[in-house]
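Pulled from TrEMBL, these are the features on record:
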- 23-285: domain 'NADH:quinone oxidoreductase/Mrp antiporter transmembrane' (DOMAIN)
- 60-80: transmembrane segment (TRANSMEM)
- 92-115: transmembrane segment (TRANSMEM)
- 151-170: transmembrane segment (TRANSMEM)
- 177-195: transmembrane segment (TRANSMEM)
- 201-220: transmembrane segment (TRANSMEM)
- 232-253: transmembrane segment (TRANSMEM)
- 273-293: transmembrane segment (TRANSMEM)
- 289-342: domain 'NADH dehydrogenase subunit 2 C-terminal' (DOMAIN)
- 321-346: transmembrane segment (TRANSMEM)
């Protein structure tokens, strides 16, 4: 792809997200979401592979459905209440429709089925953009729509955590595992969005850091399957040593960074007198931890020669920059001691 076209598309991605961030009117927010979607479509289809085209088509149809639902709900709200302000949603029916449309956009259960299939058809760089940047604009709107039915949100959030854990159990494709991981983490964020939006935002940022580190590590190893990952020790032994820590951090195991949001969310749920919800969320997080442990086992405790069918990669020097992967890996592993500072910032 021409660097000029690539720069234009990346500018479109940033512009769409910024418009949605800055908008207080539903039409302007919808326009920002559409610019965002249209900018990533050529990036997804740039390799002209049938699987990439299929993933792009699925993504486009899903996002178009969500955008149409969002537009219909905002027009219905304007018809019923006479105003377009995002933070003044008064009628429950348009409010519920908008919440469900935004959940479809980011891939929350039960509207999650498109996410693993789309992510599996993309290269790792575009998959990273889809897993991180593309969730910012819908989340900015979800954080502003705060009067949604609390019971519905908790049920959908617990469903997402369960589906995200259950779906990744038998997977050998790394991109699908990261997709189910995304669904589970989004469930944790939606669980607490009614009670502490700032904690939801903190969870989103930490999820972005851990996912960024995981995708860069897979990219430097050129790994898309469990078999390739298991032989990566011969190519990059130091990175292969840190990768299980990143995965266990994604699973929320102490004393790693990923434990911080789960710890704070469970604490907040307990303060809100929801002990059963907190218990269910903590138990279903074990499903995620299981498949992260399976990945860690395949990487570190299987020695060559073994029964894996993956070919040992060539030991060529990578052209990838070292600073992003080193910085994100450090943050994905070592931020837990900063929890008191994070909680102090949340209370400001």
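Going from the start of the chain as shown, residues are counted 1 onward.
Yeah, the Cβs are placed from backbone N, Cα and C, and that goes for glycine too.
Keep in mind that TrEMBL annotations are predicted by a computer and have not been checked by a curator.
Per-residue pLDDT, averaged along the domain 'NADH dehydrogenase subunit 2 C-terminal' (289-342), amounts to 79 for this model.
With a cut-off of 8 Å on Cβ pairs spaced 6 or more residues apart, the transmembrane segment (232-253) and the transmembrane segment (321-346) reach 3 or more such pairs and are scored as touching.
Comparison of 60-80, 151-170, 177-195, 321-346 by number of C-beta pairs under 8 angstroms to the transmembrane segment (201-220) places 321-346 first. Long-range contacts of the transmembrane segment (151-170) within the same chain: residues 96, 99, 103, 108-110, 112, 116, 176-177, 180-191, 193-194, 274, 277, 280-281, 284-288, 290-291, each at least 6 residues beyond the stretch ends and with a Cβ under 8 Å from a Cβ of the stretch.
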